[in-house]
Amino acid sequence: MFQEIDIKSLKGKSKVARLRIKPDVNRTVIRKPKWIRTKHIFGSKVDQLKSTLRAQKLFTVCEEAQCPNLVECFNHGTATFMIMGQICTRRCPFCDVAHGKPRTLDIDEPKHLADTIKKMRLKYVVITSVDRDDLHDGGVQHFKMCIDNIRLSTPKVKIEILTPDFKGRIDKALKVFKSCPPDVFNHNLETVPSLYPKVRPGANYEYSLKLLQKFKQQHPLVISKSGLMLGVGESEKQVINVLKDLRRHNVDMLTIGQYLQPSKYHLAVETYIHPNQFDKYRKIALKLGFIRVASGPMVRSSYHANLQIKGKLII
């Protein structure tokens with residue numbers, strides 16, 4: 001039996017306590033504009049989905065990261081499954097996932113995941129994970145087991161994976177994915193390179209680009225995807241340069257959304273980007289050659305991912 005862990009105690013203040021660049025908790029919070037729409041968590045479908053997930057000991061990044069679209073997605077019966085536990089080995093200040101020493105991997109999770117997907121009759125699933133720097137392979141073998149179990153149980157389901165950077169283990173990870181490529185390979189850059197020390201401590205911009213490029217080189221027919229969150233201090237020129245970098249590294253799909261601060265202990269919102277600016281970035285990205293672009297204040301990496309892949313306008 002696992003000892004119960006108070007996940008809330010591993011979030012917020014305790015999570016960012018040892019960061020070199022700490023969020024300013026005394027900073028005045030910027031009022032959200034009218035175009036930022038979030039909903040309260042309620043409804044029978046939401047409760048039903050949560051009950052199904054807990055019964056199978058599964059978690060969603062929607063819940064763990066306090067995604068503002070949780071109610072909408074849950075009410076449509078969709079979710080982004082988060083594998084390998086609720087505890088991340090990184091402490092990114094924009095993210096509300098807990099930080100600490102993760103538990104041992106649950107060897108039954110891949111089967112539970114596949115069974116749940118079959119029970120929910122899903123046609124498109126997104127699988128992401130916490131960072132597992134404690135594992136010798138970064139968790140890539142567990143990703144493979146999940147993909148294999150899903151394909152065995154529901155072979156027609158489309159699978160998108162949103163991966164960590166497999167820091168120091170890119171070649172090992174790519175070797176594993178050779179035998180089980182997903183339908184969409186997603187790895188988010190999150191922000192512009194100059195803001196990495198503040199926004200993504202422990203990550204490396206060039207390294208993330210390298211992961212995306214190498215995967216695409218090995219799997220030219222698999223769609224590659226990445227995402228950015230705006231409002232943390234980036235300039236328009238910096239954003240456009242990132243879009244160009246992504247295209248130079250053969251990334252096909254793009255998501256761009258507004259960063260929202262989970263609590264006062266997290267990275268502060270510097271500005272709320274107007275919807276017109278998001279539309280401008282969408283048009284620029286399409287001109288640069290991205291085949292699919294979802295750009296809008298409430299867009300998240302896996303928000304309506306099944307519609308993104310079909311080219312539907314997501315804002």
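From the backbone N, Cα and C atoms, a Cβ is placed for every residue, glycine too.
Computed from a predicted structure; not experimentally measured.
Copied from Swiss-Prot, the annotated features are:
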BINDING   Cys62, Cys67, Cys73, Ser302  [4Fe-4S] cluster 1 binding site
BINDING   Cys88, Cys92, Cys95  [4Fe-4S] cluster 2 binding site
DOMAIN    74-292  domain 'Radical SAM core'
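Structure with Swiss-Prot features highlighted.
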residue : record                          : DSSP class
Cys88   : [4Fe-4S] cluster 2 binding site : strand
Cys95   : [4Fe-4S] cluster 2 binding site : coil
Ser302  : [4Fe-4S] cluster 1 binding site : coil
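In the predicted model, the domain 'Radical SAM core' (74-292) shows an average pLDDT of 94. Ser302 ([4Fe-4S] cluster 1 binding site) and Cys88 ([4Fe-4S] cluster 2 binding site) are 19 Å apart (CA-CA, integer value). Its Cβ placed at the centre, Cys88 ([4Fe-4S] cluster 2 binding site) has 24 other Cβ atoms within 10 Å. Other than the site residues Cys88, Cys92, Cys95, same-chain residues with C-beta atoms no more than 8 angstroms from the centre of those residues' C-beta atoms, the [4Fe-4S] cluster 2 site, are Lys15, Arg90, Arg91, Phe94, Asp96, Val97, His99, Val130, Asp131. Cα-Cα distance from Cys95 ([4Fe-4S] cluster 2 binding site) to Ser302 ([4Fe-4S] cluster 1 binding site): 15 Å (rounded to the nearest whole number). Across the structure, Ser302 ([4Fe-4S] cluster 1 binding site) and Cys92 ([4Fe-4S] cluster 2 binding site) are spaced 19 Å apart at their Cα atoms.
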